[in-house]
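Take a look at the structure below.
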Ligand code: SRM
Ligand SMILES: Cc1cc2nc3c(=O)[nH]c(=O)nc-3n(C[C@H](O)[C@H](O)[C@H](O)COP(=O)(O)OP(=O)(O)OC[C@H]3O[C@@H](n4cnc5c(N)ncnc54)[C@H](O)[C@@H]3O)c2cc1C
Ligand code: SF4
Ligand code: FES
């Protein structure tokens, strides 16, 4: 069958996200061509502000490397603009004379910065702030010139101004209104923001309208309507954006502010779709990536022929962060004849709060400095709460106490999904939930816009007490203030699939993370997106990267699989021959019922594996290690069940599974428990007609006796309950938390409750199967890949 | 004392794996070569001052490498061990000529 031809115009954030979604759904189905005006692979436009501020480099903000296009067979024409669409014959034409026909066409041309049509706007030294080229222009100018003028005191303008300050320039910000960010803030908040930014070195010219850009060839200054002038040798225009619709217009698509699309992102002409900032859905044109990504997902499903309700619009939160200043606003911002306001202005702490009341109800809010109350206000405003409710609740509250304490049980916490306080508290208590993620999973609270997350967290604190506080506040490492749960929530919400993306988007304090967060993020990404996430070998600890245990002298040890501790004469002979051939330092029986070959040179590892011809025993990984077994019913006079058979089945099923920490198992055939299931992550004991499954045992640093988890009848059920338990552990434990610590922390009951619920268990097992489906035997993979052999195992002999 | 410098070819640029180390054996010394995320190439002695860990196998983050044995953090550009630990490793200058990457090694190293 010939592949359908898919053409994308615009190699930007929304368009490429759509392609990623399509590749995920139907990897081989389409012949994909992408035209991008800019000469780069897809990059993270949001990070341009950080590049300008010197926090990161252009080379670091690439989202899809050139290799990504190659590996996915996506034909990319960078630096090539589509100039015409022939909708009748379904062909696009480019500025380089190319003609390409399509079955499906996606327009994702983004926005253009709005350039004020001033006299002199075409002079050298006048720029917008939209792409890499603009960014480079500014950085370059800062090396040769001193004075910058930014026209526009909105979010983008202020970010540009902050960047130019960092680049050592003197910066004037020219703004039409009498205060900053007037679309998101009221005057007092705008003024506070101004004061804060002035203290950082910005200079503001408010209520100024630029009349002309002065200079001969290059800009030398600005003249205003009131006749005043300032000198400037760089002018940045940041007065807004407008959807880039020219091409669509010329093609005859229906246009309003943007390209009009329906819930499936279909335009008015068959087989042409639009996505991103250039599209208008239900009267809305969005300028933030989260809704654009949702659109991309809907479009991918549609093109792949998946049943889908389509895109239904997005709820935006207007929480803004400008240069470390906290600003929040929602709903009504400015007073009218019908509104009354409550204002608190704390000049000492430099915080401001305004709440607008209309018909006795909360109608809007602006916060500056301290934005903690933001979510609570949003929730009250969404549900149309009476002002008395708000006042009572804040009166009843000490300064540090959360609003949730004074809320009644029927009050809504999550406005999007209509989840009440009572429902959440009940779920926390009966299901033993201990994290925002779990609450989200059980009740849907915070699943949509996510702004109520801090309320949910407060409810957990309130319900569980200090125990939760201690658990929750722990950040992953010094590179971030975010906790494991927060990071995973963001990964899911923003659909982040690479740890570099996580670090960029979530504002990591270090450029590339550290030895703590890197492996953790790699694990979390793989756990959330087992099929999509590509394992990042550079974020793996050496043992897991090289698939052997490093020794103190830089040699390695090799432990082949020996399922259930059972071996045979041939395998033993092979092991003995290999040990001779490569002169291994020591052959040792491990505590896990198998054989260790110690002191192998790195460059010999692939040869050793090849000669062994056995799968890796993963004695080095955060994964299933060993399943110890006892001899069992087959030979032992006390044995009641086939423990070796059961152990082998467990080991074969779960080998190679990525887990937060290593997982060990033991299967015995009677209560004498010779395989030591009482100190294993999963211990199984066979009795007459019954299997007992124990979990959370540990024989290492912190000895812990395992808890009896379940009693089941069949081997299949042992596999099923073990799978569900392990999946629950995978999804809820912190990276490097053994099951013993995990069970100790969350308690046994909540886990049992999930796993004993038939539906939940099925779902856990299903997700487990998905995670297991990506396993590939690592030693064999290495042997067969020339590049891996070269990159990881070869040493260079220099002369 | 005059010091002579030897220019040692260590490989083609495109064949060095990114954000990973590569071991170069130079008589009885080992040098760890790193290609950073920025694309720059750095070279240091392949021996952790703590207990001799092979730094080429460490995790590379920006300008730092974490020793695979006990997680000391070492700056790859100036060779300094980061606090709270102390010490330093020798660094070597890297020269890139077209595709080829060379390391400049003072002669005392090659002779010892
Ligand atoms: C090879 C072996 C010792 C032996 O010669 O028997 C071994 C060797 C190491 N163990 Fe172990 N452990 C070995 C069985 C055990 C056992 C017994 C068992 O599995 O039945 C335990 C206690 C049971 C348990 O884990 O609950 C054990 C508890 C540990 C711990 C403590 C874990 C804990 O949660 O407290 C560590 C440290 C860690 O993982 O962070 C550790 C770490 C290590 C490491 C990997 C140290 C390291 O990170 O480099 C050792 C590698 C030595 C080397 O140079 O190759 N090893 N280690 C055993 C391999 C079993 C296998 O076939 O895979
Ligand atoms: C400095 C800055 C900071 C930002 N900060 C944030 C933030 O904090 N949070 C947030 O959510 N959003 C932020 N944004 C907005 C976000 O970057 C955009 O919403 C997003 O990039 C839009 O994606 P898109 O694919 O629709 O458009 P783009 O990413 O602009 O991609 C469109 C691409 O199509 C190309 N193109 C156009 N016409 C053609 C043609 N005819 N042929 C071929 N190619 C063509 C363009 O050159 C461009 O590369 C920021 C934007 C900027 C500039
Ligand atoms: S107990 Fe385990 S970690 Fe400790 S020295 Fe022995 S093998 Fe190594
Ligand atoms: S040998 Fe490098 S940290 Fe111990």
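Cβ atoms here come from the backbone N, Cα and C positions, even for glycine.
What you are looking at is a predicted structure, and each value in this text was computed from that prediction instead of being measured.
The annotation domain 'FAD/NAD(P)-binding' is assigned in TrEMBL to A:5-281.
The annotation domain 'NADH-rubredoxin oxidoreductase C-terminal' is assigned in TrEMBL to A:317-384. Each residue in the domain 'NADH-rubredoxin oxidoreductase C-terminal' (A:317-384) gets a DSSP state, and the totals come to 9 helix, 35 strand, 24 coil.
Taken from TrEMBL, the feature domain 'BFD-like [2Fe-2S]-binding' applies to A:412-461 (among others).
Residues or ranges marked as domain 'BFD-like [2Fe-2S]-binding' in TrEMBL: A:476-525 (among others).
Here TrEMBL flags A:551-612 as domain 'Nitrite/Sulfite reductase ferredoxin-like'.
Taken from TrEMBL, the feature domain 'Nitrite/sulphite reductase 4Fe-4S' covers A:621-761.
Per TrEMBL, the feature [4Fe-4S] cluster binding site maps to A:630, A:636, A:670, A:674. In sequence order, A:630, A:631, A:668 are the residues near residue A:674 ([4Fe-4S] cluster binding site), counting only same-chain partners six or more apart with C-beta under 8 A.
Per TrEMBL, the feature siroheme binding site maps to A:674.
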Legend entry - [4Fe-4S] cluster site, defined by A:630, A:636, A:670, A:674: further same-chain residues with Cβ within 8 Å of the Cβ centre: A:631, A:632, A:638, A:639, A:643, A:668, A:669, A:672, A:673, A:675
Inset, instruction - Measure from the Cβ of residue A:630 ([4Fe-4S] cluster binding site) and count the other Cβ atoms within 10 Å, all protein chains considered. - result: 27
Inset, instruction - List the residues of the same chain that sit at least 6 positions away from residue A:636 ([4Fe-4S] cluster binding site) in sequence and have their Cβ under 8 Å from its Cβ, in sequence order, or write 'none'. - result: A:630, A:669, A:670
Legend entry - DSSP helix/strand/coil residue counts for the domain 'Nitrite/Sulfite reductase ferredoxin-like' (A:551-612): 27 helix, 14 strand, 21 coil
Legend entry - residue A:630 ([4Fe-4S] cluster binding site) in three-state DSSP notation: coil
Legend entry - residue A:670 ([4Fe-4S] cluster binding site), number of other Cβ atoms within 10 Å: 20
Legend entry - the domain 'BFD-like [2Fe-2S]-binding' (A:476-525) - residue tally per DSSP class, helix then strand then coil: 26 helix, 1 strand, 23 coil
Legend entry - Helix-strand-coil residue split for the domain 'Nitrite/sulphite reductase 4Fe-4S' (A:621-761), DSSP-based: 57 helix, 32 strand, 52 coil
